[in-house]
Every structure is written in C-alpha cells, then in structure tokens.
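Undergrad: Following this message is one structure expressed as structure tokens.
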Amino acid sequence: MEEEEGADDGEQGEEEVLVVNVGSTYPCKRSDGSQHDAEIVKVRYNKQAGREEYYAHYVGLNRRQNEWVDKSRLVLTKPPKEGETNGTDQEVTDTAEQPDSKTPQKRKIEEPEPEPKKAKVEEKDASKNASSLGAAGDFAEELTCPLCVELFKDPVMVACGHNFCRSCIDKAWEGQSSFACPECRESITDRKYTINRVLANLAKKAACTPVTPVEKKTRPLEKCSEHDERLKLYCKDDGTLSCVICRDSLKHASHNFLPILDAVGVYREELSAIVAPLEASLKVTEQLSSEQSDKIEQHNKNMSQYKEHITSEFEKLHKFLREREEKLLEQLKEQGENLLTEMENNLVKMQESQDAIKKTISLAKERMEDTDSISFLMDIKAFIDKCQEQQRAVISTGNTLLSKELCQGTFKGPIQYIMWKELKSVVIPSLTPMLLDPTSAHPNLHLSDGLTSVRYGENKLSLPDNPKRFSQCILVLGSQGFDSGRHYWEVEVGDKTAWDVGMASESSNRKGKIKLNPKNGYWAIWLRNGNAYKALESPSKSLSLSSHPRKIGVYVDYEGGQISFYNADDMTIIYTFNATFTEKLYPYLSPFLHDSGKNVDPLRFVHNK
C-alpha cells in the first residue's frame, strides 16, 4: 500500500485500498483457470514476492484443494463512497445499511507501515467465528494420527490408550525387540493393539464432511519452509526432509526419496548396526582396562620385590659394590618407570576410548528412542557419520593390553655371581659343581669318567633299563637335585650347532617320545641348525640373541618360582620361566645328534678352578 501523487495539482491524495478480511468469502480464480467461491482462512506475508498472500478454502470442495493465493486472484468489489450515486438522479437513501460480514470493506491509507510483514489484516466477526473454529480444530486434531499427522486410517489403540494408524504403528515398531508407545514412551510388553472402530467411524465422517479449515497446531519444522507443504519425504542424497513439491523440483532431480516412516526405520536400523559393535568394543575395552589395572598392580609389586632382592644382595658386597648397586637400581627405576608410563598411558587411552564409546552409545540410543520422526531425521546422516567415525577410531586405535614385564633375569638373578664376573678380586660367588647321573642317560650318550661331560655316540651302549633312564629322547639328568634355595650352574656349549639345556622335575616322564615343555615338567632352551634358539614353552618361543653364547648359565630360585638362562660369557639374560615348583628339580642336558660331523663336541659342566 503506497501513497501516490495527484495527477493534476501535485498534492498528495489518498487512495482507497480494498481490504481482504479473514473469514470472508470472495470469488477466486483457481490454478486451473476456473472460478470458485473461496473463504479466506489466514494471511501471510511473502518476503520474496513482497506481497500478502491468503490461504483460500474453496467452499464445498475437498480441503486438500486449499491453496495460497495473492490478491490478484481474488475478485474484489469496491463499495460506493458516502454521497455518491450510481450515475442517475436518484437520491441517496436516508438509511445507512450495515455492511455484511462477508462484504469487503475499505480502509484509508494512513502512515506508511515500517515493516510489510507487520501489516495487520482486519478480521471481521472474529469473536463470532472463534468458538466454532477452535472447536473444529480441536475435533480435527483428535482425529489426527500423531505419526503421519493425517486423519486416522484403520486406527488402533495400544495398551497405554494412545491411538495410531495401524500401518503407522507397524512401521514404528518394525525391527524392534522391545516396544514402547511412540507418543508417551510407555513400555508395552507385547506387540498388541486393539482396533478402535468408534474412532475409525469418526475419522470417516470427518473426511466426508466439509469442515471449516483451521490453522493446525503443528510441531516445529513440520512444514516445508519453502513451499509451506507438509514434510512427508526424506531425501537420501541431500539428507533433508522434503515435501512433495521439493521432490518434483530441479533441485532434487534424480534424487532418491523415502517416506518419513520408512526413513526412520532404515536409519534406526543403521544406527542399531553401529551400536552393536560399539557395545562389543566397549565390553572388550572394559575388560582390557581391568586387566591393565591388574597388570599395573602386579608390576608395582614386582618392582617392590625386585628392589628388595637387589638391596639384600648388594648389602653383602658392602661398600665395594655400592657404585654398582646404585647403577643397577637406576637401571631398574628407568626400565620400571618406562614400562609403567607405557601401561598407564595405555590405560588412559583405553579409558578415553571407553568414555567416547559410552558417550556415542548413549547419544545413539537417545536418538533411537526419539519418537518424533522429524527431530529424529534432522541431520541423521551427519550423526551417523559421527558414530561411524567413533567406530573407526576404536578399530584404528586398536585397544590392546600391554603386558610388558621387567627384566626378571637382570634384576632378580644371581646378582653376586654377576658382580663376581666384574669384580673377581672382590668377591668369589659359589658356583654349584654339577655332575651327570649315569642311571638316567640315554644308551647313545657317552659320559666322561668324571661325569662332567657328555657326547652323542652312534653306537648304543649296553645299559640296564630302569625307570630313570630315557628310552627315546637323547637326554641325561644331573645327579644333584634342588627342592629349595637358589642355585646357579653353567654348561659349556662351545661351537656346537645343536643342544638342549634345562631343568626337569623328578617325576617327569623318561620313556618314549616326550614333548619338552613346562606342562610335562621340563623348562629348557635349545639350539638347532647353528642359529635357531627357542624357549620350550607351550607353544615354543623363538629367541633372538645378540651373540652366540659359548657357555650357558642356569639360575634356579626354587621358592621364587624362577628359572633363568644367561649367556654366561657376559651374563646377559636369554630367557626366564616362572612356575610354582612342588617337587625336586634336576639339571638336564642333550648334546643332540652329530649333524654330519658338525655337532660332535660334548657338553661340559663348568667347575671352579
């Protein structure tokens, strides 16, 4: 509405503007070119077009044909001004007629309005129509399914008393293991509902009865902001909610669409598929975190025990070995703290991963429990991408349990003997002088007269059989066993290409083929093919040695449950077994076969000279 200049006198005049009243009926040009009486239900201001638009209900027609129109499509009549005639000499009647409620009225242009969108439309007979419009709106709302927001079709009532279209509630519950009312979220034991025939009849009558359209109470974002049509579709390509007009627009050309309820089912299932492995990952992470905490606790206990052992050994060396003691303690501290830091950092990482997984699961479950299809599908793809990113992060970080141990052989070994190697002039440790037991030797083994060395012979010796003798494995035991205390002995292996060195329990099997491992009472290491070292665990473990040892040292701590093997040339640790010993332990040796003459040298116990 504007002020225009007068054509003749240049002064500003007033222009009468025809007013469209809400609740009034006008002839209206329909989109198909026909003309039909239309009742104006509501008004809006179209910012893009810069004009007011009116929601027209075509009297007597289905409400689905209602549409927004501008003033140009309404046939408006201009009422005569006071005192004017119709072109004859008739006098103006003395009686002023009261304008009909459905007769368009005029209004004068007053001051320019600051904002077009704030322009007010006069509503006549508002008080007269308010009651009927409100009642009609409430009635229509009671007959509307809360899921599809349409009149009920084949309505059913669930246990809590809420009603839904049968197809809507079936889609909402599809693929779920537990059920809840989409409206109030009350848990429902069985997937059962009751047909509501009364509501079905009312909905049918409402669909067939022309009802004065009223503005529905809609939830936020229930209508398309661009076309003001109900959002019924979900665009899979753009990840947006769309109306039917959006679907047919160029913007969405060749895009794939799903009905909203179908989209909810698809993406709820996709979220469920993400949550399941995340929950499994959470359980694994929680278990690993618990085990890591136990490892840290045991690690701290071991550090304390090793420190006590080291201190007690070094006290025997007095001030001559103080410098070496401090050096070794520093080594223990550095290695222990490094290992502890690694494990603690790993625990922190696991806990952070655990918290992130819990948060993602919580958000995903909260999203899945959202019964509002509109809010559920808002940015659902971005939310799923975020969940998948968390899933990939769990897989890529690969939560693993760190189970690194302190070097038991270095910190809890024969400390005094190691020190003796460095300080021969200060201390002389006790090296146990071992001898071989001829009653246990395999018939192909030849023992020296002093019972200190053994070699393999091609010819079998004629020896009496007894329970102690090995019948198939080429082994021999030492004559001295240990059932308490700490002991250390050495065997010279020289340049042999194959050998076995270890400890055997007193009751271990000696007959037939024997699998050498701790389960069968054997704790040993061996060499094969000149460079293949193994610890005979179950299963066996390959060992990587920095140098080829010519002498092997064996340390036994019976009460401590420890058997450690060393390169006796420089006292570097090779391997440590841990076990609980319940019977006497004996050294055992095997010089193995000749290997075409490459392995003919004997094995020899080392004695102090």
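Every residue, even glycine, has its Cβ placed from backbone N, Cα and C.
Just lifted these from Swiss-Prot, have a look:
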BINDING   C224, H227, C246, H252  Zn(2+) binding site
MOD_RES   T103  phosphothreonine
REGION    74-129  region 'Disordered'
ZN_FING   145-185  zinc finger
ZN_FING   219-260  zinc finger
Undergrad: Mind checking which residues of the chain, 6+ beyond the ends of the zinc finger (145-185), have their Cβ under 8 Å from one of its Cβ atoms?
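TA: Non-local partners: 191-196, 199-200, 203, 206-207, 218, 222, 230, 261-262, 264-265, 268-269, 272, 369, 371, 373.
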Undergrad: Take the zinc finger (145-185) and count its residues per DSSP category (helix H/G/I, strand E/B, coil), listing them in that order.
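TA: Split by secondary structure, the zinc finger (145-185) comes out as 8 helix, 9 strand, 24 coil.
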Undergrad: By the DSSP assignment reduced to helix, strand and coil, which category contains H252 (Zn(2+) binding site)?
TA: helix
Undergrad: Centre the Cβ atoms of C224, H227, C246, H252, go out 8 Å, and tell me which other residues of that chain have a Cβ in range of the Zn(2+) site.
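TA: Apart from C224, H227, C246, H252, the close residues are E226, E229, S242, C243, V244, I245, R247, S249, K251.
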Undergrad: Could you tell me how many residues in the zinc finger (219-260) are helical, how many are strand and how many are coil under DSSP?
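TA: Its residues fall into 8 helix, 11 strand, 23 coil.
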Undergrad: Using a 10 angstroms cut-off on Cβ to Cβ distances, just flag whichever of H227, H252 is the loneliest among these binding-site residues.
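TA: Per-residue Cβ counts within 10 Å for the binding-site residues H227, H252 bottom out at H227.
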Undergrad: Which residues of the same chain, at least 6 positions away in sequence, have a Cβ lying under 8 Å from the Cβ of C246 (Zn(2+) binding site)?
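TA: The list for C246 (Zn(2+) binding site) reads C224, E226, H227, L233, C235, H252, given in order along the sequence.
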Undergrad: When you measure from the Cβ of C224 (Zn(2+) binding site), how many other Cβ atoms are you left with inside 10 Å?
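TA: A 10 Å sphere around the Cβ of C224 (Zn(2+) binding site) contains 18 other Cβ atoms.
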Undergrad: Roughly where does the zinc finger (145-185) sit in mean pLDDT, to the nearest integer?
TA: 85
